[in-house]
Amino acid sequence: MRTQQPDDERIPIEDEKYDITDPFRYFRVGEENIGTQDLVNSELLSVLPGQHYSLNGKTLRLEFESNSEVQGSISISLQVDASPGCGGIVWPAGQILSSYLIRRGSELLQGRRVVELGSGTGLVGLIAAKLGAGTVWITDQAPLLDIMQQNLSLNSLQRNCIAAELDWGTSVPASLPLPDVILAADCVYFEPAFPLLVQTLDALATERTQIFFCYKKRADKRFFGMLRKKFTWQEVMDDPNRNMYNRESITLIKLSKVV
């Protein structure tokens, strides 16, 4: 297995500043959203799903294209809210990971136990549930449980999807079984949480667990230094959109636990 070693290049400071001050900028595009027309020509937009945002209802509907004629497109509706913090926003890495899962098709997740870490709105886990996973647990800290529950109901996925509290670095609840698949998007941004995230990944994963991890490169060198003690990784190479989102400092990798 070839290990992909992430570089330590940081994204421009202006990009980080805008991520924090205007987190809705990635899906507010068009003439009705003054000040965001510059994103119309952004290459990143070409790899994100169709976006329909209601300012009044704070509801975002995403339309993902499928490469399967049988499956057709997949639609997901989400309540988004910045008040609990950045977790209540839909970030590009989550959309890219969701698109990749859809492109891989239902055979990747069919009947599997899936845990999403740092779910926020629950987007990636909800997509996994729509793709036929056996049971999906979307997990995050307590302040985000309400928005995850709302989005479960909004998409009528209570049958095979559960919202659960999980604080990284604490004991994994007994109600959360060891998963077949772990999903994580944009979980590498807060440096004090790096060792806690590695600890939780280690507690949940076995050498057979498939782990898909999508992130935007920021100050992540220390995180990967910790991660290599427990995991190896390689960049996902079978995504046709890879080169486009790589140029926006977004990377999708697959982790394997060291035996």
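Even glycines carry a Cβ here, placed using N, Cα and C.
Any TrEMBL annotation is an automated prediction that lacks curation.
As recorded in TrEMBL, the features of this protein are as follows:
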- W91, G118, S119, G120, D140, W168, A185: S-adenosyl-L-methionine binding site (BINDING)
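With every protein chain in view, the residue among the binding-site residues W91, W168 whose Cβ has the most Cβ partners within 10 Å turns out to be W91. In sequence order, G87, G118, S119, G120, M148, E165, L166 are the residues of the chain that are 6 or more apart from D140 (S-adenosyl-L-methionine binding site) and have a CB within less than 8 Å of its CB. Considering other CB atoms within 10 Å as the measure, the emptiest surroundings among the binding-site residues G118, G120 are those of G118.
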